[in-house]
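Trainee: After the structure tokens below, expect a handful of questions from me.
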Amino acid sequence: MLAIAPIFYQEQETILHPSMDRSFSVILLFVIAQIFNLLPTNALHPLDPLTPSELNQVQTLVKKSHQNVSFHYVGLDEPDKLEVLSWLSQNRPTNFFHHRVAFAVVRTNSQTHEIKIDLLNNSILSDIVYDGDGYPMLNNEEQKAAGELPLTYPPFIASIAKRGLNLSEVICEVFTLGWWANWDFHLAFDMRVGPIISLASIYDHDMRKYRRVMYRGYISEMFVPYQDLSEEWYFRTFLDAGEFGVGICAVPLQPHTDCPPNAVFLDGYYTTRDGTPAKTSNVFCVFERYAGDIMWRHSETILPGDTVEVRPDVTLVVRMVSTVANYDYIIDWEFKQSGSIKITTSLSGILAVKASAYTHKDQIQEEVYGTIVAENIIGTCHSHFLSFHIDLDIDGDANSLKKAHLQTVRVMNGSSPRKSHWTVVDEVAKTESDAKIRLGLGDQAEIIVVNPNKRTKVGNDIGYRLIQGPWQVPCYGKKIMTKFVVHLVTMMCGLHHITNLRNGQQGPTLTELVEMIP
């Protein structure tokens, strides 16, 4: 079910600040060389996104089987994880995979079909009618058509004229009821979730080999519930990835403004309603970042010469921007020389507002579910919840998730002048329920994914800490045979947006992040 609401926009002046050019480094040239390795070739990486020719192949086969078909999703049907790891372990032999399969979700005759296509044999493997709950992701064409319908509806036109507005001032929107600084990874574009990072490994100079960190990672969903209970707003609870498509809503990045001068750009492809491939130019940019931050330092003042060592925090960033209605999501995957992976989602754009009879805050004597941001305009309060799919493979796929609780220990025997200290108590999660944690309620715990079969030289666990923002809930995987392994970690972080602007001005970019630290 779709709801359509008019949005009134205020023009704002945008000032672009020119950036000074600077020369590429040798490292950046290495990045460019690796970028070309990601481009589709006859010998595709098994996790490469579908090429334009493959998208055309899917369109042809599906249209032969169905008439009046509407395409809602087309992407790679991922090969089995164990197959991919076996292919890597055998030094990436050619002709290893006997199938390259596409997955399509289409609508025809009021039914949703989930179709798998064998691209190598040019045939349909399966065609299943989906009869469960929910509907497929919206495509751009049907949203555009739905948004134009009210502009031809006489009662709606009359209501706009009654308000003293021109129809041209109204827009109707549709609502639903690796390769650098020791890192090696695969980057793919998906029309639903945007950037997908796979097979992320970091080079260990001491061991002289790459060590696996993450098999696959992406933002799986963005949930945005507005807090207005009025009839016109109560239903505005959006699933930005599942309903609108973070990838479909991605916009071309602007050189020197969205990305720095040293950035390298990649394109992305998706399908339109009739299955025709569409291209988003400059959908990703990849660049080296140094903002003057310090990765590590120490001063030893008691030694002769005041010994100081400082290491700059230079990182590699993969960026995409997705404009979902009024919000621009700036998605950064940042790979650090320390081995950390930082996922940052920044929110910008313009507020969704509603009309009001109030012109000043002092006039308001009722719940308006927001803040007056200009005369007769209320900015509605809302939240953004992001869910991350993170499949960690730390030195292999046999990983466990544990919670390291900070526990206070009282000194009762007088053995120390101190009255207490804290210690760490580990709890290995065996089920999803074991892994849940609500932050801010007195549970002082770190979330750590470890490989129980690997130890450091002195016997400590090898793993990654999951650094959490507000309202994050990690979930544990499943039991396989007699050992527990992390199938994936789902982390949710949230940001409550209490609108508070002056004279209708747009506020600064807001940021949410998740970081994995070794």
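Quick reminder: no glycine exception, Cβ is built from N, Cα and C everywhere.
Remember, it's a predicted structure, so these values are computed and weren't measured experimentally.
Quick paste from TrEMBL:
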type     : residues : note
ACT_SITE : ASP240   : active site, proton acceptor
ACT_SITE : TYR327   : active site, schiff-base intermediate with substrate
DOMAIN   : 45-126   : domain 'Copper amine oxidase N2-terminal'
DOMAIN   : 180-469  : domain 'Copper amine oxidase catalytic'
MOD_RES  : TYR327   : 2',4',5'-topaquinone
Trainee: Do you know the DSSP helix, strand and coil residue counts for the domain 'Copper amine oxidase N2-terminal' (45-126)?
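Mentor: Secondary-structure composition of the domain 'Copper amine oxidase N2-terminal' (45-126): 23 helix, 28 strand, 31 coil.
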Trainee: How many neighbouring Cβ atoms, not counting its own, are there within 10 Å of the Cβ of TYR327 (active site, schiff-base intermediate with substrate)?
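Mentor: Its Cβ has 21 other Cβ atoms within 10 Å.
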Trainee: Do you know offhand how many angstrom separate the residue listed as 'active site, proton acceptor' and the residue listed as 'active site, schiff-base intermediate with substrate' by C-alpha?
Mentor: 10
Trainee: Along the domain 'Copper amine oxidase catalytic' (180-469), what average pLDDT does this model show?
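Mentor: Mean per-residue confidence for the domain 'Copper amine oxidase catalytic' (180-469): 88 out of 100.
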